[in-house]
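Taken straight from TrEMBL:
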DOMAIN    42-288  domain 'G-protein coupled receptors family 1 profile'
TRANSMEM  26-52  transmembrane segment
TRANSMEM  59-79  transmembrane segment
TRANSMEM  99-121  transmembrane segment
TRANSMEM  141-159  transmembrane segment
TRANSMEM  206-226  transmembrane segment
TRANSMEM  238-261  transmembrane segment
TRANSMEM  273-291  transmembrane segment
Amino acid sequence: MDLLSNRSTVSEFILLGLSSSQAIQLFLFTVFFIVYVAIVLGNLIIVISVIFDNHLHSPMYFFLANLSFFDLCLSSVATPKMIADFLRKHKTISLWGCMAQMFFTHFFGGGEMSLLIAMAIDRYVAICKPLHYKTIMSRRVLILFLLLSWTIGFIHTMSQMVFTVGLPFCGPNIVDSIFCDLPLVIRLACTETYILELLVIANSGLLSLICFIVLLISYVVMLLTIWQRSSSASSKAVSTLSAHITVVTLFFGPTIFNYAFPFNSYSVDKFLSVFYSIITPFLNPIIYTLRNQEMKAAIKRLSSQHVGSWLIH
């Protein structure tokens, strides 16, 4: 920390946000506040339902609860400050606050990326090897997948942040975004960052692209397998897989375009930042709950139990 302070004259960054109009900012404050509350409530309901409802104690819902936890954490990294900034004239963030935002964004993002792959493996085993499903997807394997997701998320963020925290920032400190985004902050450093920018593109962009392609191939294999099964089993499996494919597309799409194909247009960067930090965590609970009868039934049972216990007391 002393080394960084000796080399840097910038103690904070200025975030330009989405608009300079006060009326638009008040409108955005209202919209994003409502969306964030929905994110917190929606994902918490899924986590609580999976924990307390015995009908949901299966590998698929274990992963779903952890996906909701990742979404909750990912949206909470920068969204609360972004919402508060809509009411501020000067939108600033400290140097270390900026570093923390970038660290945790890639930590939870990398973890969620790995978890989505684990969820695809779970569905592959359930559909293609149903007789061995319980043996293969044991509790030990589930814990191993979860620990691996956290570990990959940590390695993913550290492999980029270890080079970023030592950069000298002595000139421009304006970030034209809603929060500290790694590619935008790196460009503000008072040194040559071409190699580091390539590292970020390779680490985040190409990794996301490769994972996305692997996931799509696995889902195609599963769909081909489903079409050879009975119609009753196929209908439920296709519904589950379509939800997974939608979530994977929503998560990986903006990330791939943001890192693998960098834009010069800051308006596009802002839109993609809003999408993967707010819209995706907002849509995930809706996609899984509205299309999943077991989850909707569990939520009803949980709410009725709490209402019943409240009336008794």
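Heads up, the Cβ atoms here are built off N, Cα and C, so glycines get one too.
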Proximity of the transmembrane segment (141-159) to the transmembrane segment (238-261), 3+ C-beta pairs under 8 angstroms: no
Folded-back contacts onto the transmembrane segment (238-261), same chain, C-beta under 8 angstroms, at least six residues removed: 60, 67, 109, 112-113, 116, 119-120, 123, 127, 183, 200-201, 204-206, 208-209, 211-212, 215-216, 219, 222-223, 226, 268-269, 272-273, 275-276, 279-280, 283-284, 287-288, 291-292
Taken over the domain 'G-protein coupled receptors family 1 profile' (42-288), the model's mean pLDDT: 85
